[in-house]
Each structure stands twice: as C-alpha cells, then as structure tokens.
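*Asks:* The transmembrane segment annotation in TrEMBL covers 491-517, 529-551, 563-580, 592-611, 617-638, 650-668, 697-716, 766-786, 798-824, 836-856, 877-904, 916-935 (among others).
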Amino acid sequence: MYLRPSLGLVLITLTCLQVFGLYLFLKGFLLTRQTFPLQGRSYDSWDRFPVHQTPLQQVPTVIEPKQPFKRTVVILIDALRFDFVLDIENATNPYYLNQFPVLQQLQRTQPQSSLLFQFRADPPTTTMQRVKGIMTGSLPTFIDAGANFASSAVGEDHLLNHIKSKFEKMYFFGDDTWVNLFPETFNDTSRRFESDSFKMLDLDSVDNDILKHLWPVMEGEDQWQVAIAHFLGVDHCGHTYGPSDPNMAIKLNQMNGVIERMLNYVDKDTLLVVMGDHGMSVEGDHGGESVEELMSTLFLYSPRQLTLDSDYYRVFFKQIHQQRASRLGYDIESISTRLLYDASKYPIVAQIHLVPTLAYLLQVPIPFGNLGAIIPDVIYPAHDTNTLASLLHMVQQFRVNALQVFDYLNQYADQTHQIDFSAEKIKPILHHLYTAEEIMVQLVNQPQFLSKVEAEQITQEELELFDTQLKEAILAYDAFLISTIKYCEAIWAQFDTGCMFIGIVLLGVSTLASFWMMMFRPHISYKKAFGVCALVLSICLVGAYVTLSHVGGQGWFEKMEDIDWIGASAALAICCIFFLMKSKQVAPTSVFWYTCDWYLLLIADIAQSFTLGSNSYVIWEDYGTLFALGSLSVCWTLRNLKALASYTRFSVLEAVLYPLLFLILVRITSVTGQCREEQFPDCSYIYSNSLEFGNHAVGYFSLLLMVMTVSMLGYLSRWLPNAQFAAVYLVSGIIVVLRMVQEIYLKNTVLQKTQYLMVLEKCMDVYLPRVVYGLCLVGTGACIYSKKYTKVTIGWSVLLLWSTVLAIVQRPFASIIVLASPILIDLLSRGSSSSLLIRLGLLHFLGHHLFFVTGHQASFTSLPWKAAFVGFDEMNYYGGMILVTLSTMAGHIISWLGMFILLVDVPSLLTLPLHLLTLLQSIPTFLCAIFILILRRHLMTWKIFAPRFLVQILIEVGAHLAVIGLEKTL
C-alpha cells in the first residue's frame, strides 16, 4: 500500500511544521524577566558595613532625614511630553508650546521647593509597561508590549504595596490600568474612581469624571493621605488629532488649570508629583523608541524646602546627573534638535529612579526588584548642621539603595543560575560598590572625621579634607546603581540559543520540504514511511539526550521541555518522509516549466529576504517593495510581449497597457504612508492628517477625493452579480466615506460637545460600522452558499464586500486606497496563463506595498490601536484584537483574496502556484529567524529586527491559512 497525501493534507502539514518551528524559536527568543514574590525591607544605613568584608564594629553616625510627607498627590498626565510644559520664547507651534506654564512658574518663584526633570521612559512606551515600571522600578522586556491590551496584575513587589501599608486612606482616579495592575492595592471600591483606559476617541469624559470626584475628595471630611489621578485627555488628543492641533491647546490649558487648583490643597506636609508616563510622536502616537516618545515630564513640589538650595549642591547634583546620562548613553544633542529646547538645562531622570526617590520622601521600603537610583536633589537631612553631615546623609541613602539592588542581584543569581548574573560576570559592577565601601572604611578609621560630622561649625580646610572622599563614595555608589541598569538592559532578554536553533532547523527543513513537494507528486509506501519515522524519532531523541548531557547547563535548551523534544523529533521525521517520497513523474508540466518565472520569483524573494538582515533596508523596506513591484511589472510586460502570436499595434498596446496602468497606480498610491522615526527628515509622505476642508487648495483636493471615491464605488458596484449585492456594497462604501468626512472635518474643527453632537458621533463611530460588519457577513454568506453564481463572481463579490470592512478600520487616505484596491486586482487578473506566476508574484509584493501605503510600519508606534474601537463604545479585547489585526493586515488580506481571482481559471494547475505562494513567505521567515539569532545582541534588535520578525510571523501564518483556504475552495 502506498501513502498518497492530497495537496490539502500536504499544505496543512507544512503549515503545522512552520507554526511549530516558530513556536520553538519564539520560546527561546521572547523570554520575560523572572520575578520573585519577595518584599522589600527597610535597611539600616550601615547594615553589613562593609558589604564585601567582615563588618566593622564602628560605623559612622546616622544622619536622619527630614520628616516624611504625610500626604501625597500624584497627577499623571498621560503622554505629557517634556516640551509641553516649557515656556519657550518665539514658539514655533502654538498648540502644544506655552500652554502649560504653571510648572516653570513655580520653579522660577520657588526654586527651593520645586524640581523639574526630563522624565525618560524605557521602551516600549505603552501605558501599562510605563505604570508598571514607575511603580516597581523594574526594566521592561520586549514581550511585555503585547500585554498593553490586557493589563494583568503585577506579580512582584511594588511601591504602592508599601505606601498602602503606611497610608491607609489612598484614593485613585482615572485610567483603570492601575486597578488592573494593582488590584490588591485598590480593593476599596469606595476610594477608587476608575475609567476605561481605551476610549481613544473621547478627549473629555475620562478627565471630567476624574475632576467630578477629585475635588470633593480634596475638600471632604475624610482625611485623605494619598491621591493618584491619571488623566487621559492629552494622550487621546494625540491619538485622534496629533499634537499640532487646537484641541491639544485646550487639553493642556485644562491640565494647567487642574495643577493651579491643586496647589490650594498642598501644604508643607504634602508632596505634589506631576508626571507623564511617556511622550508623544510627531503623529500623536507612542509605543516606540523615538525621542518624542521617550521624553516625558517629572515635577516635584512642596511648600517646604525640598532640595539643598546652594550653588555647592547644585554643582554636585549636576555632576551626578551628567555621569548618569553619560553611562546610560542619553543623547542630549539629539533631544535638543528634535524637541527644540536646550536639553542640557534640565536633568534627565530615568522613570525607574522615581521608585527609590518616593520611597525616601515617604520613608517606606524600596520594592525588592527595583533597579532605579535615588534622585540626589531630594536628599535632605533633618538638621542641616554642616556640609559634611549633608554629604554623609547622601552617602547613607545611596548606600541603602545600593544594598537593595545588591540583594536583588544576589537573589536573581541564586534562583535563576544564569551565567550572566554569576559573580564573575558582574564583578566589574560590584567593583564600584566595593570601591565606595573602601572609601567609607578609610573615613571611619579617621577619628577626626566622626567628630567633624557632628560639629555645628566646620572650617573650609576641614571641609576640603573630607568632602572629596565623601563625593567619591557617592559617585561610586551611583556608578554601581547605573552600571547595574546598563548591564541588565544589555542582557535582560535571556535568549535560549538552543531553543532558537531548533526552531530555525524546523523552519528551514519544512521550507525545503515545501520546495520538494512543489516539484514532485507525493508517493511512498506505508512500510517505508513508518520505518523512516521510527528511525528518525529514535535518532533525534537519543541526540537530544546526548546534547543535553553536554550543554544543558550552559544556557542552551533550558526552555525545551520533553514535549518540545518529542514534537521537534516528530516534525523532522515528517520532513524526512516528504524528502523520501518518489514520483513516477514530475508534477504536471505546463507553461510554468517552459518559462523561468518561478525561478525568477524565488530569486526576487530570496533577494528581498536577505535585506531583512540590514537595519537600513528594513527601515526603507517600503521603497524596496516599490522597486520590486516596478521590476516585476517590467517582467510582466516582457512576458506579455513574448506570448504574442503577432506584433500588431493593438496587440502590443494591449500587452503593455495593463502592466503600465498597474505600475502607474502603484506609484500614485506610494505618495502616502507613515514615516518611521528613523526615516526623518528624508521621508515626505502625505498623511491622512493633511486632509482638511476649507476654502483653499487642500480643501478642494480633499473634497475632490471624496467625490472621486463615491464615483469609484458606483463604478465598482457594477461588477457585482445583481442589484441587491450592489446596494449592500454601495451602502457600506458610503458609510466608509461618511466616516472619512467626519474624521477630516472634526480634526480641523473645535466643536462644543452638545448632546446632539455626541449622539451623532456615537452613530458614526459605533452603529454605522456595525451596519458595515453585518452587511458584509450577510452578503458574503449569501454569495458563498448560493448555487447560481460562478466562482469568479463569488471571488469578486467577496473581495468588494470585504474591502469596505477593511477600509472602515483605516484612516481616510488608507480607506480610499483599500476601496480602490480591487482595480489593481482587476488589472492583475488580465493576462494569459503564461504570465500567471509573474502576476501572482506581483500580487505577493502588492500585499506588502498596501501594508505600507495604508499607514503601517513594522514598529509599535504604527500599531492602529484606534481601529479597536470602530464599532465598539467599550473595550472588547477579542473584538479589538480582531479589528487591529484586520487594519494592520488589510493589504495582505486583499492580496490573498486576489489570489482566488487569479487562480480560479486554472484549477488543474494549483500545485505549483500554491506551494510557490507559501515559499514566498516561508523563505523570508526562515532567513529573518537566522538574522535574529545572529543579531540578537545588536543595538537595533528590539527596535527594528524583532518588530519586523513579528510582522513576518503574522504574514506567514496568514499566507499559509489563505493557501489552505484556496486549495479547499478552488
């Protein structure tokens, strides 16, 4: 008996092999930091002194801090970019500059009571990760970014845990991300007033709800101790309109008024903290690593003296901040250039530094997993007797911070047994800590030092004798803290190289198997298949055992479980069966084999895949895709000319016309898109935000686009089989156009939120999109299950109906392109079978092209979060995920639907095209995985290569599922 698997079974098997290979690779690549259920504790200033030697009997005098604040107000303004709060002369942008003056006014009038910092976020700059980092003091991992839709409870120690233990009366207002992250802290429903954190189209409801509850609490009889308010209006304004919009000025003015009013409730026992969680990109988004997204604001204020206000301390604080900026690689010049202010005037503070700082000001323990370093400006002794006492107090606080980080490193090394955290690996970091301890030991051994610290007066000579050593100790402790951050940033993603390697092997072998099955008909005896399977399984499992016994303890295969080894062995056995299949004849010959088109496509795909190993090519991939489309259009033209029986004027014109029209339309659509941060200033796309209505050229152009779009809908509706389908398509298309008009109009018009306007907006944003979804599903079902339509008619009907759904989740320009995409598919469908593979290749690259021109890039910043709320007034995680995926993958979905139309006339010749279409995605996925493995320590891995790889995975899986669907329906 012989095993003759069908084409569908082969495609499903190859898809499963690819998915399993991706699973193993990602298991080794996207690893999270290990957390511990341990609580931070209070340290004595000279606990275990010195930490690297036998503790001394004599220790320095303990200099007590000022009394901790009894009340704290934290105002977090989402996306409060640092330049939003500056008072800049000759401001170039009237919408977000000089609209928030209260912070700098306080700094000028009360410099001893107010501190303003550039608050630098750690990427990814998504709200959940920033709030988590600000409260735990921990560094994020790449995989955390995907959790922004579904904030889960923090499973490690955090600052709020300790604050709640000391201050029982804690109130919260605003973004419900906090409640999701810290449910045990905010378990008193009478003291929390959370709001939906994803109502991105609404600028005011969350903020107004906060204000409705905030002021009564401030003025109420219940003596509040901690109040946290997270405002979302500025962030939502950025997402909806961008920073350069009149609505931004309104929101910033409102927040300025909130702070001014809040000052009435801040007395000498109260600390006011005003901060942002991240910045805002040029387009108004966040999530990436651009300067605009990273630079936020931190402002600390209290009517009592908050900092040692003298030139001596200011110079020393500046030295500490400069040392930190240098060690952490902050590019001051780039910040100044991009945000148009002198970044050297304001200290840069990493967000995780807020954790030990607030712990000091409130006198609560630092969370166990904190890696932040205390902000030196706030360290203030209870009695400022002399400079030596103040410096010694700073030493104490830096040492307490260093002890906490030291204990965390030891715990991490003991529990994880990771080589990167072994004593030998972190020896250079510990050297800074031990140096600081040695300096203090030397000082303690000098009797006159302790006496001078307690003296009420000290001469300049005596000060100079000891202050240099104290400063050196502080700088050494700080060097230990900052070096730890830098080291953890570099190695935190603990790659399981062995697991990644196994994944790559499976991806490569399954890709070769797909190529093999494209060339031959599968044919093998059951006996031989079972024999090969048993042999390969045995060899693989024995090899796995031997491998683990030699390298298992060296950081390889740590994440590989028994089921993973069995699955990998089975996958290799299946591939071996494929390779041993013999055929008495080659797959059906056709015009494909008399041309070299499939070779050409594979070479083009391999060439494009190799560009994924270059950060420059990934950054400019949109232009590379455009070049590939142009080159293949020329090949299409040549193939048409070669296929002509006679070279008459009409036949030559027809052979050239469709490729030329296709290329012209592709070039026209290429004028729009979204610029990556790295493409500035050499990127000049036309954005959807450029459209507006008014009595000028842009307004007339926008109006003309709407008229042309409606006319195009009327033209395309004639491709549908009857008036009912045409009506469904036209209604859906007009709803898309109405939403485009609404978005363009509201973007440039500031309207008062009347009841009528809110009802109208809800209809446009919620109910009308649901009409489109419903009409599309009903129309698709009616078309597919009807017996009277040909497959060609069904293909065009499904494409047109789904183009409206894909268009409604885009921005205006992108919506027009998606609605017009059937015209491109129509051009590609015109041609003989001799050019079919070239046209399928063009369709493949057209999917990539539409991805870019509809405003998407392989970066977190370009993720279309706004699409999650088209048709929903509340956050629906599964619905939102589907809509964001549809918005992101719209171009590729159009291309997959177009493949049905191109292949419907050649059902007997599907083997080669379908396998070729899977190979066009499997090859770049395989090579991209290799590049990720090689470049896993590259500076741009997480910023450029990893996001591009994740997009490739999404495309790969989608393409395989599409090909399986094509095989079943054609």
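Just so it is clear, glycine is given a Cβ too, placed from its N, Cα and C backbone atoms.
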*Asks:* Could you give the residue numbers and ranges of same-chain residues that sit at least 6 residues beyond the transmembrane segment (617-638) on either side and whose C-beta is under 8 angstroms from one of its C-beta atoms?
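*Replies:* For the transmembrane segment (617-638), the nonlocal Cβ contacts are 597, 600, 604, 608, 611, 655-656, 659-660, 662-663, 666-667, 670, 673, 676, 678-679, 831, 835, 838-839, 841-842, 845-846, 848-849, 852-853, 857-858, 944-945, 948.
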*Asks:* Please determine whether the transmembrane segment (916-935) and the transmembrane segment (491-517) are in contact (criterion: at least three Cβ-Cβ distances under 8 Å, sequence separation 6 or more).
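*Replies:* Yes; at least 3 Cβ pairs under 8 Å.
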*Asks:* Residues sitting near the transmembrane segment (697-716): Cβ under 8 Å, six or more positions beyond its termini, same chain?
*Replies:* 690-691, 729-730, 733-734, 737, 740-741, 744, 800, 816, 819-820, 822-823
*Asks:* Looking only at the recorded stretches 491-517, 592-611, 650-668, 798-824, 836-856, which one has the largest tally of CB-CB distances under 8 Å to the transmembrane segment (877-904)?
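*Replies:* Selected stretch: 836-856, with the most Cβ pairs under 8 Å.
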*Asks:* Sequence-remote contacts (6 or more beyond its ends) of the transmembrane segment (836-856), Cβ cut-off under 8 Å?
*Replies:* 592, 595, 597-598, 600-601, 604-605, 621-622, 625-626, 628-629, 632-633, 635-636, 639, 662, 666, 669-670, 672-674, 687-688, 810-811, 813-814, 817-818, 821, 824-825, 828-829, 862, 864, 887-892, 894-896, 898-899, 902-903, 906, 912-913, 916-917, 920, 955
*Asks:* Please report, as numbers and ranges, the same-chain residues at least 6 past the borders of the transmembrane segment (592-611) whose CB is under 8 Å from any CB of it.
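*Replies:* Sequence-remote neighbours of the transmembrane segment (592-611) are 617-618, 621, 624-625, 628, 631-632, 635, 639, 834-838, 840-841, 844, 909, 912, 916, 919-920, 923-924, 926-928.
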*Asks:* So if I exclude everything within five residues of the ends of the transmembrane segment (491-517), which remaining residues of that chain have a CB under 8 angstroms from its CBs? That is, six or more out.
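*Replies:* Sequence-remote neighbours of the transmembrane segment (491-517) are 10, 14, 17-18, 20-31, 33, 139, 141-142, 416, 418, 420, 547, 551, 555-560, 564, 568, 571-572, 575, 578-579, 581, 915, 918-919, 922-923, 925-926, 929-930, 932-933, 936, 942.
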